[in-house]
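Sequence annotations record features per position, and here TrEMBL assigns compositional bias 'Polar residues' to 351-372. The domain 'EamA' feature in TrEMBL is assigned to 33-169, 203-341. The annotation region 'Disordered' is assigned in TrEMBL to 348-393. Look at TrEMBL and you will find 56-78, 123-141, 153-171, 204-225, 232-253, 268-286, 298-317, 323-342 tagged as transmembrane segment.
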Amino acid sequence: MASLERKNIFRTKFIMESLTNLIRRAKLILAVALLQGAYAGQAIIVRMAMNKGMSHYIFLVYRMAFATVLIAPFALILDRKSRPKMTSSILVKTMLLSLFDPLLDQNLYYMAMSYSTATFTSAMFNILPAIAFFMAWIFRLETVNIRKLHSQAKVLGTIITVGGAIILTLAKGPALNLPWTKGKNQHHHQMQSDSNHKDITKSALLSAAACFCWSSFIILQAFTLRSYPCKLSLAALTCFWGLVEGAILALVVEWRNSNADWSIHLDIRLLAAFYGGILSGVAYYIMGMVNKEKGPVFFSAFNPLGTVIIAILGSLVLDEHMYLGSLIGAIVIVVGLYLVLWGKTKDEPPSQLSKTQSQPNDEPITTSQQQMMPEGGLDIEPGGEPKTNIIDS
């Protein structure tokens, strides 16, 4: 009777823990998916602001100013009791974080966009998970056991992603006549197409450089969170240093530009800066949360969702044409990246991994508990001795 009671208690506890993990995972996926949709809207709004003559250097300064003002009060209040002491090492890391993103990554991204379309630049950014995956592997933040199916999926998905990016860059094909593009000025489309594809190589190179900077940011954020776990305060510091560094760069670049317009009015440029500021503060916090829970590769695996949204919005709002080659490349990228995502869902979250490693296993495991133990928990070797089976992440 006592044994049956213990078995029921263990089963109930296991079910509750499974539901809790499922809800937490669903919340993370929903947060990142919504964030990608917000990024897509930002790309369209910023492109419209740039079409009005706004410099992306000046845009970055206003964007980070809004982000700092919006998120800093929350960080000061909510993290006042848990914020660790600021050291020179942490200070340097936060300054490097803001150097990689927003300073280098976002300026390179918008430079790339100026040479092509919002859709192409976003699609090229889908090589980000491949770069982030290999960098995480190099820095031992991502473990690959090639004998396991989910590790094979991550590697294969990464290779497919790079192949899709190559197709997207080199293949053009015929323009797609979508329902909402019919009846529009074809001459305008032809001029825009010629202009966009004339500098497509330059746009691709700038996008690749931006991806490297963005991946470096994700990796460095994962390391920084180990010594400075306050995600909200880290986001505020990133925005603040991004403002300082962005202002210095903008002053240097725009110093001799007589056409540089620092004024901002109630128009699309103000909307772009304000919207981007809110998004930056929220995004850095969500990234820190996801990075700590699931590792640096998980966040980047959602980039294809943003590409699809931008492609649709770009053709609707910016009058951009979609081409068959770009569509095929984007589909290949999506397939590859969601192979990576599937592989990541089979990994144990880093937070749970550290708990498993830190907690000793002194209590004996009963036969009924062994049968009910989930995958990745405790395995029994042929000799009968229990061992901790840590899933590679």
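Cβ coordinates are placed from backbone N, Cα and C, and glycine is handled just like the others.
In TrEMBL, annotation is done automatically, which means it is predicted and not curated.
Take the transmembrane segment (323-342) and the stretches 56-78, 204-225, 232-253, 268-286, 298-317: counting Cβ pairs under 8 Å, 298-317 has the most.
At the 8 Å Cβ threshold, with sequence separation of at least 6, the transmembrane segment (268-286) comes into contact with the transmembrane segment (232-253) through 3 or more pairs. The residues of the domain 'EamA' (33-169), classed with DSSP into helix (H, G, I), strand (E, B) and coil, number 112 helix, 0 strand, 25 coil. Distant neighbours of the transmembrane segment (298-317): 28, 32-33, 35-37, 39-41, 43-44, 47-48, 117-119, 122-123, 125-126, 128-129, 132-133, 178, 180-181, 214-215, 218, 287, 290-291, 326, 330, 333-334, 337-338, 340-341, 344; these residues of the same chain sit at least 6 beyond its ends, with a Cβ under 8 Å from one of its Cβ atoms. DSSP states for the domain 'EamA' (203-341), grouped as helix (H, G, I), strand (E, B) and coil, give 114 helix, 2 strand, 23 coil. Mean pLDDT of the predicted structure over the domain 'EamA' (203-341): 86.
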